[in-house]
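*Asks:* Would you mind keeping the following structure in view while I ask a few things?
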Amino acid sequence: MFSEIAPRYDLLNRLLSFGADLRWRRRAVDLALEKAPKRILDLATGTGDLALMLKERAPGAEVVGADFAPPMLAIARRKAEARGLEVRFLEADALALPFPDGAFDAVTIAFGFRNFADYEKALGELYRVLAPGGRLVVLEFPPPPKGAFGLVYRVYFQRVLPFLGGLISGNFGAYRYLPESVEAFPAPEALKAMMAAAGFSVRYELLTFGVAAIHVGDRP
């Protein structure tokens, strides 16, 4: 599914979020770089947007982008080459990461965590590959907020977005999956508890009236 929508993935992210995803990603980068990490993993990197932002902001850091979809990675590599950025992109399974213990000082995930088949197992792997004192930053769509804004947002997210996304990408199934996966995703407090159970010290912030959320987990 993700491989099929790769060619228009970036365009759709910008259009369907009205450009807000770039602001959210920049905030995630700010939080990831607070501790001046030297080794950074961007997991579920997709076409590499966040990995490239990290490298631009921290040119002296080693940045690795990992994803399970080769077509996404191919686009990420082309983008890195075009921008003259040295980022290593590789294929990897989030539930069995091909890295030694403590390999990274920071791990970021933007809009990929909810696609993992086993959240607890993924968090265990993320904790394992982080060095002591390392930081995990998870940018995700929580379930839609309540109230009047939430009602309008649900109509857009469940009706308009799947139609437009399917029309532009040619894959209606992928953009029907998006709202379904968001509705099934843990609420911010539940994800915080899940990360804490994995050993992280956790805080989170809501963005754009709760449309997106960033969870920050520090490994002791």
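Cβ atoms here come from the backbone N, Cα and C positions, even for glycine.
These came from Swiss-Prot, pasted as-is:
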type: BINDING; residues: THR47, ASP67, ASP93, ALA94; note: S-adenosyl-L-methionine binding site
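Can you walk me through where each of these features ends up in the structure?
*Replies:* Neighbour list (ASP93 (S-adenosyl-L-methionine binding site), Cβ cut-off 8 Å, at least 6 residues apart, same chain): PHE68.
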*Asks:* Including all protein chains shown, what's the count of other C-beta atoms within 10 A of the C-beta of ALA94 (S-adenosyl-L-methionine binding site)?
*Replies:* 22
*Asks:* Near ASP67 (S-adenosyl-L-methionine binding site), which residues of its chain come within a Cβ-Cβ distance under 8 Å, counting only those 6 or more away in sequence?
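*Replies:* Expected: LEU43, ALA44, THR45, GLY46, LEU73, ALA76, PHE89, GLU91, ALA92, GLY112.
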